[in-house]
Amino acid sequence: MSKITVLGTGSWGTILGNLLAENGHEVHLWGNNPAVIDEINQKHTNNHYLTDFTINQSLVADHDLAAALKDTEVVLFVVPTNAIRSVAKEILPYLTKCENPPILVHAAKGIELKTKLRISEVLKTILPTEKFGEVVVISGPSHAEDVAKRDLTALTAASKDLSRAQKIQRLFGNEYFRLYTNTDVVGVEIGAALKNVIAIGAGIVHGLGYGDNTKAALMTRGLAEITRFGVKLGADPLTFSGLSGVGDLIVTCTSVNSRNWRAGNQLGQGQKLADVLEQMGQVVEGVTTAQAVHFEAKDLGVSVPITDSIYEILYEGQDLKEGIVKLMNRDLKAEFN
Ligand SMILES: NC(=O)C1=CN([C@@H]2O[C@H](COP(=O)(O)OP(=O)(O)OC[C@H]3O[C@@H](n4cnc5c(N)ncnc54)[C@H](O)[C@@H]3O)[C@@H](O)[C@H]2O)C=CC1
Ligand SMILES: O=C(CO)COP(=O)(O)O
């Protein structure tokens, strides 16, 4: 049994904390909203993020970082990408007090907009590898709502330090949750972040009334551009055929549980982005990632036409149908080059 601190009381942090508590670990779930902390401790629910779900009674929610982090062995970041840096800075003073530095794990899916850094890179700038060791990332096809129902789920645990990935694999694994290890952190993080952008596209075409051929074409060509972008950053192309690549792309582009897909679907039906995001009340990572990847791909000289098109729709007022026509009418080319 390990003491594990989960940072983030949203849907994914709550479900991962619950799973680890079910596995017999001492779980402290930290969040920045006192009302949610009280609800979790008193009612064992987190209704805004997970309706009709009862949280394991052994899980303790903390608003106090000192209590959450005291003698912890694993710190799991499950806040949105845009909060990773500030949360890492917030916990640094407490981690330096730990006798043994905990293993750092994250489960977020995005790219930091300002720096274009992957999440493990952001963490390393605040919590350096020399002191805290290699970060582990867990990622794969996994909606919180489905894990809540104990749907059989498989993920990847990736770290440059395989022994750390294996430790995390063992902590999380149970009869409905299975992890595979990988050492390609770049590939896993890029697959995780970029699939959200393609899922917005899948939602848009659904909202516009296109059918299964369109969805399959978008997902396949989306995977091609995710792979191109990732390989340019040093990823192993094989990673994109794994759980954190095509696996997560499938679930996010086809599930009504996906916030990214739902946001795209509502845009396809004619709603405005600001209204869609306000109604969602939860993070839609692909909106920011589209912007980060659009500019980063330009700098890297990588072609990402679907992401560019979604960027233009989200940020430049591109008409949806005209955007699709523009994509379809690009110069003809070979499928693989
Ligand atoms: N929900 C899901 O099924 C899955 C989500 N993820 C990823 O996990 C990450 C978190 O997503 P969700 O839990 O779904 O988001 P959410 O929108 O359900 O909740 C976000 C949580 O982060 C908290 N938060 C935001 N800024 C904060 C800050 N500065 N300090 C402390 N807490 C802060 C909010 O209060 C909220 O509790 C995202 O990167 C998402 O892509 C990954 C796999 C599955
Ligand atoms: O990453 C996810 C599923 O694997 C969650 O996707 P959404 O953020 O689109 O809900």
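The backbone N, Cα and C atoms fix where each Cβ goes, and this holds for glycine too.
Annotation source TrEMBL lists domain 'Glycerol-3-phosphate dehydrogenase NAD-dependent N-terminal' at 3-163.
Non-local neighbourhood of Gly13 (NAD(+) binding site): Val6, Leu7, Leu29, Gly31, Leu76, Val78, Val79, Ala107, each in the same chain, at least six residues away, with C-beta under 8 Å from its C-beta. In the three-state DSSP scheme, Gly13 (NAD(+) binding site) falls into the helix class. Annotation comment: TrEMBL describes Gly8, Thr9, Gly10, Ser11, Trp12, Gly13, Ala144, Arg259 as NAD(+) binding site.
Long-range Cβ contacts of Ser11 (NAD(+) binding site) within its own chain (separation 6+, distance under 8 Å): Asn46, Tyr49, Leu50, Ala144, Glu145, Gln282. According to TrEMBL, the NADPH binding site annotation covers Ser11, Trp12, Tyr49, Lys109, Ala144, Arg259, Val283, Glu285.
All protein chains included, Asp248 (sn-glycerol 3-phosphate binding site) registers 25 other Cβ atoms within 10 Å of its own Cβ. In the three-state DSSP scheme, Asp248 (sn-glycerol 3-phosphate binding site) falls into the helix class. Annotation comment: TrEMBL describes Lys109, Gly140, Ser142, Lys195, Asp248, Ser258, Arg259, Asn260 as sn-glycerol 3-phosphate binding site.
Summarising the annotation, TrEMBL assigns substrate binding site to Lys109, Arg259, Asn260. Other Cβ atoms within 10 Å of the Cβ of Asn260 (sn-glycerol 3-phosphate binding site), summed over all protein chains shown, number 28. Under the DSSP three-state reduction, Asn260 (sn-glycerol 3-phosphate binding site) is assigned to helix.
If you look up TrEMBL, you'll see 184-322 marked as domain 'Glycerol-3-phosphate dehydrogenase NAD-dependent C-terminal'.
Under DSSP, Lys195 (sn-glycerol 3-phosphate binding site) is assigned to a helix (H, G or I) in the three-state scheme. Annotation for Lys195 (sn-glycerol 3-phosphate binding site): spatial neighbours Lys109, Gly222, Ile226, Gly245, Asp248, Leu249, Thr252, Cys253, criterion Cβ-Cβ under 8 Å with sequence separation of six or more. According to TrEMBL, the active site, proton acceptor annotation covers Lys195.
Within 10 Å of Trp12 (NAD(+) binding site), counting CA to CA, the binding-site residues Ser142, Ser258, Asn260, Val283, Glu285 contribute Ser142. Rounded to a whole number, the distance between the Cα atoms of Gly8 (NAD(+) binding site) and Ser258 (sn-glycerol 3-phosphate binding site) is 19 Å.
Predicted-model confidence for the domain 'Glycerol-3-phosphate dehydrogenase NAD-dependent N-terminal' (3-163) is 97, expressed as mean pLDDT. Around Arg259 (NAD(+) binding site), the same-chain residues six or more apart in sequence whose CB sits under 8 Å from its CB are Met280, Gln282, Val283, Val284, listed in sequence order. Listed binding-site residues: Trp12, Ser258, Glu285. Those with a CB atom under 6 Å from ligand 1: Trp12, Glu285. Candidate binding-site residues: Gly8, Ser11, Gly13, Arg259, Val283. Those with a Cβ under 6 Å from ligand 2, in sequence order, are Arg259. The binding-site residues under consideration are Gly10, Trp12, Glu285. Their Cβ neighbour counts within 10 Å are lowest for Gly10.
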